[in-house]
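Peer 1: Take a look at what Swiss-Prot says about it:
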| type | residues | note |
| --- | --- | --- |
| BINDING | 69, 70, 91, 191 | substrate binding site |
| SITE | 34 | site 'Transition state stabilizer' |
| SITE | 252 | site 'Transition state stabilizer' |
């Protein structure tokens, strides 16, 4: 009987051993995860996400969660009879709408996420970009048809202070950050794109990895003509593709580009509709999304030698 039980358990042991190189590689490193898409509104996906993040923490990584809340914000605006309008892919945010954004992000979405994480122990602590000047912003004015357009309380990040987040990480906590920020100029509170905020925080924290959860499998090679996913590309390759991307993917991929060009080793866009997608991406060879890596460093000596040989 005991021998049979041992054999039954062997596959589990094999799975754990296969994860060993990845555990060794990522131990002690910071991972910034942008939580969004369908994973925010599906109860099973939310629970699986919380399990993944807590697993990372107990496996020796330092996860930081950044979230938005588009669907929840839209629902609350509709409930209060406030018109939700978009320009240049960004929500026009009046002062009244900003009150709703702030309430939903910090008072609803963040609280639910912190609660899910803390079902596994006293780990998660919620904060917003306002707290301890974590994120500072100015009003963002996009150019539409050649003219600057006022879209209200939409912010563009100008500074990141990682002190509060780093203190939480050092204490073994999981920071959960709502993507709103205060301006040092007019002291207004601004709605900041969560993809952009996650990328800026990843760079400022010198994170190993930025992970962005989406409602697609990754970056498609030739959408809509093909559903083949690009598994890996460099910063320069991504930069060339940006003008061709759909509007919803642009801030995500711009965030990935910013991250890997500012010290982050990898940025990954993964399918948040797949349960435990974070663990699959980090602890297996079979990554399930698109990984962006920095351009290879230029070998100055080799380039100079080649130039001299060509000149001779």
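Backbone N, Cα and C atoms are what each Cβ position is placed from, and that goes for glycine too.
Values in this document were obtained by computation on a predicted structure and should not be read as measured data.
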Peer 1: Hey, which of the recorded positions 34, 91 is the loneliest by Cβ count within 10 Å?
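Peer 2: Selected from the recorded positions 34, 91 on minimum Cβ neighbours within 10 Å: 91.
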Peer 1: From the Cα of residue 252 (site 'Transition state stabilizer') across to the Cα of residue 69 (substrate binding site), what is the distance in angstrom?
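Peer 2: Given the Cα positions, residue 69 (substrate binding site) is 15 Å from residue 252 (site 'Transition state stabilizer').
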Peer 1: Only counting partners 6 or more residues apart, tell me which same-chain residues put their Cβ under 8 Å from the Cβ of residue 252 (site 'Transition state stabilizer').
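Peer 2: Residue 252 (site 'Transition state stabilizer') has long-range Cβ partners 34, 195, 212, 214, 269.
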Peer 1: Other than 69, 70, 91, 191 themselves, what residues in this chain have Cβ atoms within 8 Å of the centroid of the substrate site's Cβ atoms?
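Peer 2: Those within range, site residues removed, are 68, 73, 74, 93, 101, 105, 194.
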Peer 1: Are there any residues in the same chain, six or more apart in sequence, whose C-beta is under 8 angstroms from the C-beta of residue 191 (substrate binding site), and if so which?
Peer 2: 91, 93, 98, 101, 153, 154, 155, 179, 180
Peer 1: On a count of neighbouring CB atoms within 10 A, which of the binding-site residues 69, 70 is highest?
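Peer 2: Per the Cβ count, the most surrounded site is 69.
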Peer 1: Report the largest Cα to Cα distance, in Å and rounded to a whole number, among the residues 69, 70, 91, 191 that the record lists as binding substrate.
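Peer 2: Among the residues the record ties to substrate, max Cα distance equals 12 Å.
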